[in-house]
């Protein structure tokens, strides 16, 4: 049996919008932009400056916060970034029940920033769409690729619906379903052609109503005399070279037909002039008397006793 269902992929999580900016936040964003320029300059100085750029930026951020407070502007952080564990003073991104610097909300596998598009969650971690499917979606038993949408379950495996087809002819299965052999699916036609036993008479697959004879199977209508195609109504037949024969044609093939009566010889047999006879049918053609071997004469394919032969032909 098989079933088609949709892959249980989590719905992409929408990014929650940041609260509307206040005047204090606007001024702080401008100051942070200035900090960005300062960071670029400090990075150009290099590690030889003796103090890390990060420490200098943290000191400057603290100084700016104090300056804003002296101006009467509350500069409380919007939250703590779940990635770097530092306060978020500018734009804040909310996802997975946490707050993030937008540039720190990235795919747990490839590091791609996820702030501008949908993402997928697994085990409390965020993934881009490609990495999520590669890591967590079920795999197709035919192509081994991840199944992103509809998934078909059959033979204890999962498949893309378009990849579940006959292993021999490649035809997608219709309402007739499929048959299984050695873990592979086959359409009914190919399964019978490949695996069903063949009739010894017509060599077509045998599916039901068969006979077992002569080390093979037969359709009932195919088990007939090889010579005259007559069925064996009495249930008995004769075998010659692996083929069935009725009694008459078996003896014809064997050369055991009486030359006198034309019937099979099943008991005692007399052979004369290359022909076989029932003992009672080995008689003179003229007087019908029983002949004895060595005391008959042949003339024109017929047998005569000595007196009749002399009377007729001498």
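Note: Cβ is positioned from N, Cα and C throughout, glycine not excepted.
Annotation comment: TrEMBL describes 1-23 as region 'Disordered'.
The feature compositional bias 'Pro residues' is assigned by TrEMBL to 9-22.
Sorting the domain 'LIM zinc-binding' (79-138) by DSSP state (H, G, I as helix; E, B as strand; all else coil) yields 11 helix, 17 strand, 32 coil. Annotated domain 'LIM zinc-binding' per TrEMBL: 79-138 (among others), in sequence order.
Sorting the domain 'LIM zinc-binding' (139-196) by DSSP state (H, G, I as helix; E, B as strand; all else coil) yields 11 helix, 18 strand, 29 coil. Annotation source TrEMBL lists domain 'LIM zinc-binding' at 139-196 (among others).
Assigned with DSSP, the residues of the domain 'LIM zinc-binding' (197-256) fall into helix, strand and coil as follows: 11 helix, 19 strand, 30 coil. For 197-256 (among others), the entry in TrEMBL reads domain 'LIM zinc-binding'.
According to TrEMBL, the domain 'LIM zinc-binding' annotation covers 257-314 (among others). Secondary structure of the domain 'LIM zinc-binding' (257-314) per DSSP (helix as H, G, I; strand as E, B; remaining residues coil): 11 helix, 18 strand, 29 coil.
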Across the domain 'LIM zinc-binding' (139-196), average pLDDT on the 0 to 100 scale:
88
